[in-house]
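So the structure is just underneath, and the comments pick up after that.
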Protein chains: 2
Amino acid sequence: MAQSQPTLAVVGATGSVGTVMRELLSSRRNVWGEIRLIASARSAGKELPCRGEQLVVRELTADAFDGVDVAMFDVPDDVSRAWAPVAVERGVTVVDNSSAFRMDPDVPLVVPEVNQDELGRRPRGIVSNANCTTMAMIMAIAPLHREYGLRELVLASYQAVSGAGQIGVDTLHDQLTKVAGDRLLGSRPGNVRQAIGDDLGPFTAPLALNVVPWSGDLAADGWSSEELKLRNESRKILRLPDLKVSATCVRVPVVTGHSIAVHAVFGSELDAEGARQVLRNAPGVILVDDPEAGEYPMPIDAVGTDPSWVGRIRRAMDDPRALDLFITGDNMRKGAALNTVQIAELLAAEFAKSSS
Amino acid sequence: MAQSQPTLAVVGATGSVGTVMRELLSSRRNVWGEIRLIASARSAGKELPCRGEQLVVRELTADAFDGVDVAMFDVPDDVSRAWAPVAVERGVTVVDNSSAFRMDPDVPLVVPEVNQDELGRRPRGIVSNANCTTMAMIMAIAPLHREYGLRELVLASYQAVSGAGQIGVDTLHDQLTKVAGDRLLGSRPGNVRQAIGDDLGPFTAPLALNVVPWSGDLAADGWSSEELKLRNESRKILRLPDLKVSATCVRVPVVTGHSIAVHAVFGSELDAEGARQVLRNAPGVILVDDPEAGEYPMPIDAVGTDPSWVGRIRRAMDDPRALDLFITGDNMRKGAALNTVQIAELLAAEFAKSSS
């Protein structure tokens, strides 16, 4: 029986998403034979916990993929671009969490609850995982699209610092230590910048006591790469190549939990209660929509949980086909590690079928 | 000469907006004869600095308005509702910063740079000051409307805690002191709530390491009162009774500086550079739009300054008539005290004319 279970590699096992991947592998129903942890040469030889064992981290080499059936990659774009094809060459199916292959027409971009059927066609041997902000949003928007026919999205994000890795988290906590306790900080021009100094970590501006309307790199016409990901990935996942999308991506001083204010225009009229009913029945979604009771989606509640939290459902007052809502999801879990693990588990199930 | 200068009363002079009003009166060109500070009985007798003098605070009574020409009110809605008519009865023109009279058709809602002409018709003797979030946004949207003809706004706000008064600022700083330095906080479910405890101050949820998609009271159909203010006040100020507006208001852990992500649809086609040119020439607006140089509007830079900071100007990729942009304004200054002082100064100029 043990031999029939596929071998899984976790590439980038020491990173912050890799850490959540190992936690998930330790807490979910086990479908894996061997689990192999892979990272850069710097981390090779380290022992890390996974599924109740201490596993020795192997260096990322072509040989490290020998005998591997499925590999989950969480590494920078250029590392994925270089190494995913090497793994595929050795017979591995790669689930990649970078943006390197997401828009490749021969690479499916899969959210199991939304478009699992696309997993079957993967001519390059690679499956991509969506951007963390897209993921939180699409979980709630996809079921509404199936019911009402989506036409347009206007999005404003509230993105957590852990999206920039552990260095992002450390940077925010360092900055908070510098500003906490000084009651005048944030009330006078420039004094937050002065208190924080040049220690911006991976960000372009201080995050403590601030919001930063920038994430990613500069793309054409003033858009950030993060904003274009939201547009392009939503179109691909929902199979709506002409979907109208305008997004403004903003970083906020939150550790984990990306939130999105969504204005969604549909093809047919709807009402808020009908939309709530759709969301109550949607997999991977939790409806929290009772403002008088203080119930709306917030990062401090969504962190560490699997679903997208959705609330503040309102029909637009000036358009009976439009909804306004607020969504929060854990960017490390469904936004990154969880969706990757879910895809890998679907691949494991294929393996089980083909080997039985 | 001194006799010809009008007498000004500041009602709510000890509050956080009242404090900024006194600072502004101390730093702007002086147009006032006597300045009288008025507050609740609790604060009466206190001495406070204003325009280089120490002034004794008087209790809010009908007699306190004797001889006053113009009064700026920054007090709760119910206090304005009760006392503004009392002042008017004594011959005072009231500039009110509460929401009590804003939607009254006999009370002009004035932003001097936008609709100063409405100041002349004030049958109730009251002029209203707009909500702080509306104010930051309208400064940039009004000149664009004049050029391109506004049809629709989709808004998501990032509102600072000082909008809830000094207690809001103190609450955030207390919470930051509790969470700073603990690197695991914000990474695990519930642990921010645990660290902060029940000390929520004027808010419905913790603000440190969080964003809270709620501000104000519950109005009809799930909208918050703050969201409806943005819709109703924008329509009134821009004289566009049918303007389509959808807003989601969110509180963020920022001390001062409200930001708004705006998707604005116009009647005619436009391009980003044309919109930038309009904003460069707009009074009370500063254009900061060079993402590669790290230049975009942010609270830590806008705090303590007068204009609305506007940037991230992009033409929507799927609609040549739509713009996406990001705006930050100091909610205590233009969003509250400054606009009130500007209106009062326009009234002082009327007084000077009529008495010459």
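Cβ coordinates come from backbone N, Cα and C, glycine included.
Because the structure is a prediction, the values reported are computed rather than measured.
What TrEMBL annotates here:
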| type | residues | note |
| --- | --- | --- |
| DOMAIN | A:7-122 | domain 'Semialdehyde dehydrogenase NAD-binding' |
| BINDING | A:Thr14, A:Gly15, A:Ser16, A:Val17, A:Arg42, A:Ser43, A:Ser162, A:Gly163, A:Asn331 | NADP(+) binding site |
| BINDING | A:Arg102 | phosphate binding site |
| ACT_SITE | A:Cys132 | active site, acyl-thioester intermediate |
| BINDING | A:Gln159, A:Arg251 | substrate binding site |
| ACT_SITE | A:His258 | active site, proton acceptor |
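Known features from TrEMBL, placed on the structure.
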residue: A:Thr14; record: NADP(+) binding site; contacts (Cβ under 8 Å, 6+ apart): A:Leu37, A:Ala39, A:Ser43, A:Lys46, A:Leu48, A:Val57
residue: A:Ser16; record: NADP(+) binding site; contacts (Cβ under 8 Å, 6+ apart): A:Ser162, A:Gly165, A:Gln166, A:Val169, A:Met332
residue: A:Arg42; record: NADP(+) binding site; contacts (Cβ under 8 Å, 6+ apart): none
residue: A:Arg102; record: phosphate binding site; contacts (Cβ under 8 Å, 6+ apart): A:Leu109, A:Ser128, A:Ala130, A:Asn131, A:Lys229, A:Asn232, A:Glu233, A:Lys236
residue: A:Cys132; record: active site, acyl-thioester intermediate; contacts (Cβ under 8 Å, 6+ apart): A:Gly163, A:His258, A:Gly329, A:Asn331, A:Met332, A:Gly335, A:Ala336
residue: A:Gln159; record: substrate binding site; contacts (Cβ under 8 Å, 6+ apart): A:Thr133, A:Ser215, A:Glu226, A:Cys249, A:Val250, A:Arg251, A:Val252, A:Val254, A:His258, A:Ser259, A:Asn331
The answer, for which of the recorded positions A:Arg251, A:His258 has its Cβ ringed by the most other Cβ atoms inside 10 Å, is A:His258
On the 0 to 100 scale, where does the mean pLDDT of the domain 'Semialdehyde dehydrogenase NAD-binding' (A:7-122) fall?
97
Binding-site residues among A:Thr14, A:Gln159, A:Ser162 whose Cβ lies under 8 Å from any chain B Cβ:
A:Ser162
Where does A:Asn331 (NADP(+) binding site) sit in the DSSP three-state scheme?
coil
If you measure every Cα to Cα distance among A:Thr14, A:Gly15, A:Ser16, A:Val17, A:Arg42, A:Ser43, A:Ser162, A:Gly163, A:Asn331, the residues said to bind NADP(+), what is the biggest one in Å?
26
I want to verify one value. Collapsing DSSP to three states, which class is A:Ser16 (NADP(+) binding site)?
helix
Just to be sure I understand the packing, how many Cβ atoms besides its own are within 10 Å of the Cβ of A:Ser162 (NADP(+) binding site)?
28
